[in-house]
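Annotation comment: Swiss-Prot describes C18-C24 as disulfide bond.
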Amino acid sequence: FFPIVAGVAGQVLKKIYCTISKKC
(Lines of atoms letter the chains of each structure in order from A and count residues from 1; the text may use other names and numbers.)
(Lines give C-alpha, C1' and ligand atoms only; values in the text may rest on other atoms or scores of the structure.)
Protein backbone atom coordinates (compact mmCIF):
# COMPACT_ATOMS: atom_id res chain seq x y z
CA PHE A 1 0.00 0.00 0.00
CA PHE A 2 1.80 3.07 -1.27
CA PRO A 3 1.47 6.65 0.09
CA ILE A 4 0.69 7.91 -3.44
CA VAL A 5 -2.25 5.51 -3.68
CA ALA A 6 -3.46 6.67 -0.27
CA GLY A 7 -3.21 10.30 -1.37
CA VAL A 8 -5.22 9.68 -4.53
CA ALA A 9 -7.85 7.70 -2.63
CA GLY A 10 -8.07 10.52 -0.09
CA GLN A 11 -8.68 13.09 -2.81
CA VAL A 12 -11.37 10.91 -4.38
CA LEU A 13 -13.11 10.48 -1.02
CA LYS A 14 -12.88 14.23 -0.44
CA LYS A 15 -14.47 14.94 -3.80
CA ILE A 16 -17.26 12.42 -3.17
CA TYR A 17 -17.88 13.88 0.28
CA CYS A 18 -17.87 17.39 -1.21
CA THR A 19 -20.39 16.39 -3.87
CA ILE A 20 -22.73 14.63 -1.43
CA SER A 21 -22.60 17.14 1.42
CA LYS A 22 -22.22 20.24 -0.79
CA LYS A 23 -19.43 21.39 1.56
CA CYS A 24 -16.61 22.34 -0.79
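Each residue, glycine too, has its Cβ placed from N, Cα and C.
Cβ-based crowding with a 10 Å cutoff singles out C18 as the top-ranked of the disulfide-bonded residues C18, C24. Annotation note: C18 (disulfide bond) sits in a helical segment as assigned by DSSP. Following the DSSP three-state reduction, the secondary structure of C24 (disulfide bond) is coil.
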